[in-house]
């Protein structure tokens, strides 16, 4: 405890000496006063040499001898308070010396040159003759042995000063090291923050530059557009003004000509001689008539001078400009997601179109296979009727030539007419050019209707089908096959000759007008009544070849 007091007293003495030294500094040379020290009327002190220098500087025209002023009298200002000091005939030597300050300077110099006192071993405050040699662990203060035996620390735990000194010194060293390390880390963080500040400034400067460039680009676009639109208005203005000025010149010329003609007429009206008047009146009247008829007053349409077509509405653009803002990362991500969704949607549409094309192609193949079945059926019937044709060649030769036919649902359609239907030509069909006994009028009408309005079959556009829906195809074809087989058996057994078959067929086709009318009625109402099955034997002609 006494050690701390001694340290405090020493520190206080040092502070007192420092304050005293500040008071002993000359305001001119800024050093400690040198003897002799003079006191001014304002109670400030100066070195006599400094006072002489400042006096000489204030009075440069006074003669000097050996660095001192010879002439008497003069004045100068105090450097501390700027008070004017008036000197008598003795000059600066007439100022009084400050002996007190000189004595204080001597004492200060003696004390400052004295060697410093070494601090002795601290003594106990309660026992002045006892040195402090132990440390109380409970009270955490150094003390003496008598305090431990008889004094206030007799019930406390104590330890030698050396052990406690080493322990606390090591703790203090560790604490200092921790502080130094933390200071290093803090300094590193400060450096990083300074770098971050520089980076922020650089990025902001770059962004400002980019923003200014973009706005300058917008300004240039606006200026360019403004110039173009202004030029358009100017061109229209010049055109309209030129047109109006042309009309003005035209009307002015006409007015001038008419005025001259009127003046001539008025002068001619004063002609006293009737003969002269009549001689020239016809010519003048003709000129007046021509002038009144030839001139056509061209008027400017109403609103010609109004330029409403150049009105500009910038409300939408102004709204867009006011909504200009910085782009955000979320908006960019949303835009990328929309683009990805659009790409996936397009891929899905392409896949679906490819599947539809495959389905359509498979449907066309199935339809072509179904269309080939009647052709195969006709070939079988033709092969089976060979013996019948061999037994009656005359009847075959008597038959008129006809085109090959294709047995379809409800009717016999020539293959030539099928090709005609696909190409949509206007030429006559085989049914129209054949014998009327073989092809009655109602069949020709139906064939013509079939050619002009071919029914649409999905997947098989080249096929001609008239009659019930495709669901009834199988039943109708099976009935045709059964009937053809029965006719074939009858022909082979000889129950009917070929001529009789041909005659009956011709008779069947050449029916009464009532039958034809009924057939036409049935052809007209194909939606409500199934078509008749008509078989032609024109395929017999091919066997002669």
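Using the three backbone atoms N, Cα and C, a Cβ is placed for every residue, glycine included.
Residue environment of residue 153 (Zn(2+) binding site) contains 22 other Cβ atoms, counted within 10 Å of its Cβ in all protein chains. Residues or ranges marked as Zn(2+) binding site by Swiss-Prot: 124, 127, 147, 153.
The feature coiled coil is assigned by Swiss-Prot to 219-258, with sequence analysis given as support. Counting only same-chain residues 6+ beyond the ends of the coiled coil (219-258), those with a CB under 8 A from a CB of the stretch are 291, 295, 298, 300, 304-305, 307, 310, 312.
What Swiss-Prot lists as compositional bias 'Acidic residues' is 328-355.
The compositional bias 'Low complexity' annotation in Swiss-Prot covers 417-426 (among others).
Residues or ranges marked as compositional bias 'Low complexity' by Swiss-Prot: 469-493 (among others).
What Swiss-Prot lists as compositional bias 'Polar residues' is 495-506.
Here Swiss-Prot flags 510-520 (among others) as compositional bias 'Low complexity'.
Mean model confidence of the domain 'COS' (269-327) amounts to 83 (pLDDT, 0 to 100 scale). Among the features that Swiss-Prot reports, domain 'COS' is placed at 269-327, with the record citing sequence analysis.
Annotation comment: Swiss-Prot describes 324-378 (among others) as region 'Disordered'.
Look at Swiss-Prot and you will find 406-528 (among others) tagged as region 'Disordered'.
The zinc finger annotation in Swiss-Prot covers 26-82 (among others) and is backed by sequence analysis.
According to Swiss-Prot, the zinc finger annotation covers 119-161 (among others), on the basis of sequence analysis.
Compared over the binding-site residues 124, 147, the count of CB atoms lying within 10 A of a residue's CB peaks at 147. The Cβ centroid of 124, 127, 147, 153 marks the Zn(2+) site; residues of that chain outside this set whose Cβ lies within 8 Å of it are 125, 126, 130, 132, 143, 144, 145, 146, 148, 151, 152, given in sequence order. Counting only residues at least six positions away in the same chain, the Cβ atoms of 144, 146, 147, 151 sit under 8 Å from the Cβ of residue 127 (Zn(2+) binding site). According to DSSP, the secondary structure content of the domain 'COS' (269-327) in residues is 33 helix, 0 strand, 26 coil. Taken through DSSP, the zinc finger (119-161) splits into 6 helix, 11 strand, 26 coil.
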